Amino acid sequence: MKYIGAHVSAAGGVENAPKNAVAIGANAFALFTKNQRQWKAKPLTEESIAAFKENLTEAGIEARHVLPHDSYLINLGHPEAEALEKSRGAFMDELGRCAQLGLPLLNFHPGSHLKKIDPEACLDRIAESINLAHGSVADVITVIENTAGQGTNLGYRFEHLARIIAAVEDKSRVGVCIDTCHAFAAGYDLRTVEACEKSWAEFDRIVGFKYLRGMHLNDAKSEFFSRVDRHQSLGAGNIGWEAFRYIMKDDRFDDIPLILETVDTSLWQEEIKKLQQWSVVEWRELEKTKTS
């Protein structure tokens, strides 16, 4: 079964996010548990935590289908010691907030070398940051997002993700989130069924589907292999509908949060409905195969 939603607002308190997900017909969602453009935030109150859990239950959404995103300020591969420690502290705080809310996943961008250290050293530093975070906060799984490779951001090659995972001590607490726009901009073609099969086979060979914990479903304003991160509404960009139809019909993408970050929020309900229709067709075809 497919679990599809969007990165919804948590304005007024994290407890509002499940309600906002229900309003667009979602059975999964993403959120920020604090202001993503500030280093520090007030601690979550007991009232807010309890209300979030209650609203999540009322929404009929399981915690494992929620994909929180950390602050954009965090750089777990920062080349400078003071800034690295600041990022690590903020990341541990983000993990702690997820634990308080009963959420088992935290999605994050890996980091940037800022032209001050070698990319390989930066990737190793990111893995070290993850290991330290795991030692500080129990249980929550750290989910590395692939990037478009804009600027000095790492994580745009599947090999980057694999190198980080290889250096993480507790493999049960690391996974990846693949953003379709980022992958396309980084040189992984998704425009046809054949292209999807090739790109996803490469992902499976280098990283492995066992590490896929979530996805961001975005079309791309940016050109193929441009290394530019520009999202677009589904079907309105340079990727097109075929990539998303492919995902909906492939059971390797079952039971993980599939999250829209597309640019026109007024289209989210329509986009979710269309994806869900393809998913239902795939499920019916699978059931027909089982009974024949």
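Every residue, even glycine, has its Cβ placed from backbone N, Cα and C.
For the Zn(2+) 1 site, Swiss-Prot gives H69, H109; the one candidate out of E15, E145, E159, E169 that the record lists there too is E145.
Among the candidates D93, D118, D179, the residue that Swiss-Prot annotates alongside E145, H216, E261 as binding Zn(2+) 2 is D179. Reduced to three states, the DSSP call for H109 (Zn(2+) 1 binding site) is coil. Apart from the site residues H69, H109, E145, the chain places the Cβ of D70, N107, F108, V143, I144, C177 no farther than 8 Å from the centroid of the site's Cβ atoms, the recorded Zn(2+) 1 location. H69 (Zn(2+) 1 binding site) and H216 (Zn(2+) 2 binding site) have their C-alpha atoms 11 Å apart, to the nearest angstrom.
The binding-site residues listed here (D179, H182, H216, D229, H231, E261) include D179, H182, H216 as those with a Cα within 10 A of the Cα of E145 (Zn(2+) 1 binding site). Comparing C-alpha positions, H216 (Zn(2+) 2 binding site) sits nearest to H182 among the binding-site residues H109, H182, D229.
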